[in-house]
C-alpha cells in the first residue's frame, strides 16, 4: 500500500501534530524544600515572608519543578540576589544560552519520536519570554539542530503563558498553507530573567517563586501524514484568539534594568471564570462541532490551581477532566509557554490507558490564557486510538 493511499485517512487541509518532545535543566526543586532553600540562597531572614511562602507553596499543588538557577550561578553572579542593582545584562548572559540549550534538547527529542530527519523540517516557530537578542533564539536553535539555511523562521516573544497555544495556532496556519511542509514549534523558558530575592515590599513576587518552573517543549506539525513513517497524534481542527479589552494590567510584565518585573492581579482567576464559557462556546461555534463539554478531552494551560478550579466549576466539568493539566502543574509547575506540551503528553498517556469508549469521538479543547488578557484555543481531535 503506498503512502498516498495511507494518507487519505486524514483531511489534507488540517494540520496534525506528529511528534512531541520536552527537556529540562538539571536542577530539580522539590516543593517541600523550596522555602528554606530560597531564603538561604538569597541570604534573607524574614519569618513573616517565609511563612507566607510556605502557605503559597501548599496552595499551588506543585510538587516538583526544574530550574536553571543554582548556587553556582548565584556564586558567579551574587548581584542577582541584591536589590536595586542593574542586572539585565547578566541575566541575559545566562538566559540566552540556557533557553537555546533546552530548546535544542527538546527539539531533538521531538524529532527522534517523529521519526524523520531534521533536514525535512521546512519551517520553525520559536516561542520564548526569557531572552532578548539579535539574531534571535530561532537562529541559534536552527543552527544547533543543523536545519537547512532555507528553513523559514517565525519568533513569538513575550507572549508568556499563552505562547505555547499561540505557537500551535501559527504552526497550524503555516502547515495548512504550505502543502508538504513540516513545522517545528519550539518553546523555551527560564525564570532567571525575573529572579529576585524576597522583599516585603513585593509580596506578589512570592507567587512566582511558588509556582513557576523552567524547561522547553517541541512539536512537529504537518498535513497529510504518511502512516508508514509518521504517527498522527492530534488533528488541529479550528483555532481562535481573543483578547479582553481593558485587561492589559491584569498580567503585567516589564523588562527593567533588574530583569523582568512580573505581577499577576488577584482578579485573574475571576476574569477567566467570567469569560471562559463564552470563549469555548465561540470556538465550538466556529468549528460547527456540537459536543457536550464532558465528552471532550481538555488540555488546558495550568496557570494555577485557582484557574483550573474555577474553569471546572464554571463549565460543570466532571472530576478528572482537567487531570492532565493538574498533573503537569504538579510535576513541572507553571512553565509558561512550555506547559501545554507537557499537558498534551499527559492527555496522550491518559487516552492510551483509558482506551476509546464506544461512540466517543475523542474531540477536545486546547486552551491557554496570557497577557492581554488573551484567550487562545484550538479544537483538536485525538488520532491515537
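Backbone N, Cα and C atoms are what each Cβ position is placed from, and that goes for glycine too.
Any TrEMBL annotation is an automated prediction that lacks curation.
Per TrEMBL, the features are as follows:
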ACT_SITE  161  active site, acyl-thioester intermediate
DOMAIN    13-225  domain 'Chalcone/stilbene synthase N-terminal'
DOMAIN    235-383  domain 'Chalcone/stilbene synthase C-terminal'
Composition by DSSP (helix, strand, coil) of residues within the domain 'Chalcone/stilbene synthase C-terminal' (235-383): 62 helix, 43 strand, 44 coil
CB within-chain contacts under 8 A for the residue listed as 'active site, acyl-thioester intermediate', separation at least 6: 251, 301, 303, 334, 336, 337, 339, 368, 369, 370
